[in-house]
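Presented below is the structure to which this report refers.
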């Protein structure tokens, strides 16, 4: 027996390794068929038997009943294989009616609509005609000249009926041949000589210079090559014979009441057969041409409707005016074959019920209702009953179970013992949505769930339901126990932190337990053992909050027990008792008021140092303790717990005065409406925060009147500070003031809600508040769908990303450093490199000791060494630089976050990455409505303060001193660094153009000193010389307009769009500075002093006035602020991973050089960059209205922005390369999630980026068969080049391209995966023509063909099977 047969025994299906798709030839269709369907009848309405030669004919498709012919002459198994001589039916199983096909011989050829109408149309591309023309021929509107003969007509020219008649009169009947219908298209396709055509196209491609023509030729050439390679014949796109799918797949069902329900396909087939039969008769009876032609057209339309109803013309509809579901519709969309039946299946052995909390369960257990268990485990019970001789037969066992005899329950107990069940809660957004538990039988009808796993399932007990599934085979049980047991899923795969963390009331209980109060009874007493303390507590000598001293034995580094005396409380010691003994887990970690964060850290520590088992036990005991004290603490929620601060009115009055001042400035015309809006919103924002802070201070310390020595602690404050429930956001609204509200479009309403919920809202406030609330509700409804869609796209693009080897051996890596924003370290380096591997050997900068070897995993211990060495950037390996040809290697990926060890082979990291990014998206969209539309907006940054005592260093310092002796920054890329004594960078701040510098290069500053300040709401345009103002190209009403403010009546001059006027097309509004002689002043960089003004700029000077250095001549208002929340964020993530061009995108400088403004072209401004080495300068055309962030004469670096906005990802890739691009995408995506406090590991985003960078675009074909402009898989390209180099040819050249995830999914190597994703018909059409082969490497295609996925255990089965095949080959 060969080795591979052993694997074949696992299933009785045929073993195959790849699937190929082709166009079926007419002969192939006939070979599949078991007979021709010639009649449109289905079944006889009296006998209910299928009609002979009809759509359900038993002779063609097989018997209706097992082993029984139609007339009943042959019955039973003994006659198997006999064909009845009376009715012609073969005696066999009725199952063959699911697999036997028939066919219809068409009386006239018919075009296949997929090849005609699926864009780009394959038939028209091959014939080099337009699709419209081909349709005219096919649908009998025009004739086409096949052979011009003696006439001057062109081959392929279209003629109408009249033109044909005229041509016949002119040249004679037989001078030329013109024809019509699918026959002629078929003939034209047959006549194509592909080898010759390929040669001609190649030559034409070399000679043509027109880009449009090149594109067209490349398309046609690609198609010709596809046909040559796949050995498909082009005439097969026109069908002579039509396959009929098996009848069981298009069933006819009898309903009660004698009516029939039928599949739409039967109706569509009937139309085809009717028209085909009619056409046969017409041709036989030599009917007039016009009638035959009409019938042929009808036949073509009937076949079109069968294949893809509604693709062309009006869809065929049924009696209820609903379009019929055609064959294409059977495959397409969520309800199609792919997504409904192949990727998602209903599961037997499953049940569902409501969940309730089970606090006395252990972490690996769940409570399963007895009734449910009995039903689910039936087969196991039957076999056991029979085995023990309790029941004699299965039938008897069945009766016993139905009667619920007492023996049955005993057997059930035994069957269930150590047989894990899977619990699943929909929506399953990440892999922790399905986990395995050991069932405990319980009374009642609800499933009991352990409280600690709720976070992973995102379950609560307000009526949630969960499904139970039973793993049946031993292998399945084993996998459930090893991989899916809840105790094996302690860490979240998204960020590697514990997900089994106490929550809600457990946290509250532990917080209460670890509180320590001064002035409690027995303060300062000393104890040496716990029993003694318990005694003291019982006799009320101390309370659990009393501060006491205690002698505790602790493990030291050598593993010996040493006694130490600690200051603590009895409550904290109770938690301390639960800690596993380990020198790394010190008592100090819990000797404090425990909040949710602290508890999470302790669990993390326990997991890292003591392993999984200890963690599970610890978490379970912690939960029980938390529940106990949450109950006995008696914490409640009272009206008096909401405290309104005394200072509230003062803050509000102060802010109202500020706003009056802004109104005044606005009335005087000093600021625009937009600026006023921004300032008002900002002032209220600050006021709300101040009130909230005062309230928090008052709540935190609250003396109670009746017992002066007691310090009670506020219940609401406890809930929030411990992290149990509620946020300070919500408390602020209860006791402070509700603050600003958002409108439904995300804009902030200027008047805030001054009241809070305790005082109650006024009518007007209530209305405003409802507006914000409604936004939250609507958001939730709309965004959930788009978030789910994003997850689906991510899974689809990354599904074939699997760990396939240990080490790919690459030397490449990426450099990471901590993320600094506004001078603050937001993400420390440690967080970015934990769990990654080093790309190079890393040495200590001072001692030069080796810290890390190349390829070594950076764990917590190594992290400490790196931090103490003070390294600020590190080269790590990354998925992006991994050189594995299929999949990714373990070393480049690093730590598997769910286990904390190096990732193992076969791990499906692509799916995990997609789930990690998608899951919080869905979560966050659902969380919006909790805060109820209150605006969360950070006040705009308008100054920089020193965060350390340090020395100032200024990069790109370019300042002028204005008339008030202030230093004004003139540089666009000025940066201010703070350095410590060793010259190491501690903070870095970007100083915007126009800011006032308050310190200078080399100054020493102290912490909190102000370094620079600026107006955050406008971008100024500043002069660097004094002179007289001269307005140029400012034509009233065309390029400039006096805008009179409605509120104040004060006019201000604003630059407007001048494109729409013919006179305005050439205008470039600018201000020039003249000297005393009236000549234009020259600036320091040698250019003239002229300042171009963008659309929307507000002038601050009048024509002809004298101004001095550093004066503002115009201001560009920034748009008003809208709230930042994830809804702004999710579309941003989608925009990034879809690689879309952002609206109003930035322009990036491609080289280093000096900026010059060239001559304008129509409505565009010309920006020219001259490089230093005087090579080719680069020109950019930008719309005139856009604000250019560089001035003439500025020096820009490669990658700098010339225009504000989000840069186009493709530009970053082209100019700055892969690493910068990846860094940009990672940071942008992380910024969205960070705003919501969601942590996702960078590597997940990197996996998605790797999938987006799979393809290259050929720039030069060299000696290969590739075409310039062709897009091809990176690895495929490398393979082709290797072959070329072997054969001594010039290799092709190509550049990496970035694809959006949708496009990348549709262009994967696997056509099955692409077809099940989107645009099914197009994908299948393309694949069939090219004769594509699916190697079945991804997860999706394997699920669809019904094999084990090549990931996890399936990966090793696959590997072993391949090894077995190899062994067999060697043995042979």
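Placed from the backbone N, Cα and C atoms, the Cβ positions cover glycine too.
The following features are taken from Swiss-Prot:
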- 69, 71, 84, 87: Zn(2+) 1 binding site (BINDING)
- 460, 462, 464: Mg(2+) binding site (BINDING)
- 808, 882, 889, 892: Zn(2+) 2 binding site (BINDING)
Message: List the residues in the vicinity of the Zn(2+) 1 site, defined as same-chain residues other than 69, 71, 84, 87 with C-beta within 8 angstroms of the site's C-beta centre.
response: 58, 70, 72, 73, 74, 86, 88, 89
- prompt: What is the separation, in Å, between the Cα atoms of residue 460 (Mg(2+) binding site) and residue 892 (Zn(2+) 2 binding site)?
  reply: 38
Query: Nearest to residue 462 (Mg(2+) binding site) by Cα, among 808, 882, 889 (binding-site residues)?
result: 889
- prompt: C-alpha of residue 464 (Mg(2+) binding site) to C-alpha of residue 889 (Zn(2+) 2 binding site): distance in Å?
  reply: 40
- prompt: Out of 808, 882, 889, 892, the binding-site residues in the record, which is closest to residue 71 (Zn(2+) 1 binding site) when you go by Cα distance?
  reply: 889
Query: So among the binding-site residues 69, 71, 84, 889, 892, who's got the most Cβ atoms within 10 Å?
result: 892
Query: Taking just the CA atoms, what is the gap between residue 892 (Zn(2+) 2 binding site) and residue 69 (Zn(2+) 1 binding site) in Å?
result: 64
Query: Using a Cβ-Cβ cut-off under 8 angstroms and a sequence gap of six or more, which residues of the chain neighbour residue 87 (Zn(2+) 1 binding site)?
result: 52, 58, 59, 69, 70, 71, 73
Task: Could you work out which of the binding-site residues (808, 882) has its C-beta surrounded by the smallest number of other C-beta atoms within 10 A?
output: 808
Statement: Neighbour count check, CB within 10 A, over binding-site residues 460, 462, 464; minimum at 462
- prompt: CA-CA, which of the binding-site residues 808, 882, 889 lies nearest residue 84 (Zn(2+) 1 binding site)?
  reply: 889
Message: Other residues near the Mg(2+) site, CB within 8 A of the CB centroid of 460, 462, 464?
response: 355, 459, 461, 463
- line: Note on Zn(2+) 2: the CB centroid of 808, 882, 889, 892 has further same-chain residues inside 8 Å, namely 805, 807, 810, 877, 879, 881, 883, 884, 888, 890, 891, 893
- line: DSSP, reduced to three states, assigns residue 892 (Zn(2+) 2 binding site) to helix
